[in-house]
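See structure below.
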Amino acid sequence: MSERVFGVTPPISSALPTDEEKRANDALFKELRAQGTFESPVETQKRETVLKSLEKITDEFVKRAAMEKEPKNTFLIRGAHGRVFTYGSYRLGVFGPGSDMDTLVVAPKYVTVTQYFDIFPDLLVEMAPPGAITDLHSVPDAFVPIIKFEYSGISIDLIFCSIQTLRQLPDEKDWNLQDNNLLRGLTENEVRSLNGTRVTDEILNLVPEPATFKLAIRAIKLWAQRKAVYANVLGYPGGVAWAMMVARVCQLYPKATSALIVNKFFNIMLKWPWPLPVLLKDIEYGSSVTRVAVWNPKIYPSDRNHKMPIITPSYPSMCATHNVGRSSMTAIQQELEVGAKVTDEIMVGRRPWKDLFTKHSFFATGFKFYLTVISSSRNKEAQTKWSSFVESRVRMLVAKLDLHPSIALARPFNKGFDRVHRCKGDAEIEETQGGSLAHHTKPEVLAAEEKAKADMAKAEADAKPQSGDEVRMEVKNEDGAPPVKTENTNDTAGAASEAAKGENGDTNAKLEDIPEHNSDAEVEIYTTNHYIGLQLVEKARSLDLSREVNDFKAMCISNDIYKNELMCLTIQHLRNYELPNDVFEPGEVKPPRPVKKKRLAEEEPGKPAKRQQTATAAG
């Protein structure tokens, strides 16, 4: 019987591991253990308990939906049940401490997404242990509608899909979603919901040795997070895309150890002839089960524009990296080049594996200039929605910056920085909205206060979550600091704000959402900062980004999610020495403010001017 060939091409090598490669693999496993990438058995058991609870809640949800739909149909109600599937890192088996759990609720055809958002959130709180559900919020308007919450400290992202071909779901325990016919009658966002699980299962089915793949992807995932090139929403590959790249290398070296796969990953992906797509199997065309388009650059111009296409294996195949732009791809290639050099030396025993997992230097030595996008509000719930929306649009600002003739690289950091500020009076609020940290409340203070509140609530046996502070905000213009010019930004914001008003001049904010003005009252302001490092082209002396900034702000505040009285958006230019202290990792040194030549002359009047210039240049 011939051996199965994985992938769209024959393997590069099917050689068995050498003793040296086995030793490198043992060392990699030990290092990943030391780096804390594996979860304890107790925590894993906790996840399994949560999943079982979600399955019971899902069954009850479907029964209630059936009763609401056909209250007299006892046969339908008696047989009503749903299924819970996972996807992403948990389903791949590569989750670690603190990992989110990506979860999918599957229901019969008669259950609607409206019922999902009307019934399921309340049912979660009702059926889970008292106080187990926290930070619960629904996002029904997202492209893939989602409910987010924490269950016993585990972060859950829960999406939904009803199968239009099934009035009752099968009872078989091993029933799965791999049948393409399950996609019939689904919209594009419903297909995407279902395909999270389908893609994950297909990846595991397409690698020669799943255990080898899992250890290798743990290493690559840790490396990508440490180097700040892991975040689909901000223009980098997400977990599934990195997994597919590693899976392709596994196909090319089916007998290799995880250590060798990691080394080959860097060398192969560094030299990959983009935009040639990464494929785990041939793309399936011609199926008629759904009208959702299959990735095809020969037909669709948008697909031809993908710079780093990594294609999902499940029908309908899609590009998992359509968000990757010019600058983020450059940043990825820079990190791949370093990783290739480091792992080459690791494999011959010259360096330890820990050298691969050193953290980025994005803020310490990465750039001289930065843009920071600051979203803010006076209400935690409003800020969750607003900051998530703004984050999803940051890559569009980066795309505009990529086109600027004076910018060589515009690299976004892969996560935002959430802060809470306590302000008194309009002046302090405006300072905070503009980027000031003068009123920032340190996380340890907030944590202590939250613990005190929780203890008090427990003592009073009051598990009901408290509503957040009500909010009122205005959009402020930038500080105009050179070299970024943003003089007209406020005019754009004002115009958009006026356009958002109704016939009576009312904004979208509700009257009860706006607190009474009290200049002496202390209010909490929630902010989220996203940073973009800017590298200018050689000989660039100034940089006018007013058009890019104004267009970005107008795009954000013209969306229905924006409420003029609740939210604010500011874009500010910073030099590296003006960055706030909390963006630096422990042990990093914040760049010092350059010493001006005139100041040196005043402090050291006895030294000649030429030596002063040399000292300044060296500093």
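For all residues, glycine too, the Cβ spot is worked out from N, Cα and C.
The annotation compositional bias 'Basic and acidic residues' is assigned in TrEMBL to 451-479 (among others).
Annotated compositional bias 'Basic and acidic residues' per TrEMBL: 500-516 (among others), in sequence order.
According to TrEMBL, the feature domain 'Poly(A) polymerase central' maps to 212-359.
The domain 'Poly(A) polymerase RNA-binding' annotation in TrEMBL covers 361-591.
The annotation region 'Disordered' is assigned in TrEMBL to 1-20 (among others). Residues 206-208, 248, 250-257, 260, 279-282, 347-349 of the same chain, all 6+ positions outside the region 'Disordered' (1-20), place their C-beta atoms under 8 angstroms from a C-beta of that stretch.
Feature annotation from TrEMBL assigns region 'Disordered' to 451-516 (among others).
Residues or ranges marked as region 'Disordered' by TrEMBL: 582-619 (among others).
Across the region 'Disordered' (1-20), DSSP assigns 2 helix, 0 strand, 18 coil. Sorting each residue of the domain 'Poly(A) polymerase central' (212-359) by its DSSP state yields 76 helix, 4 strand, 68 coil.
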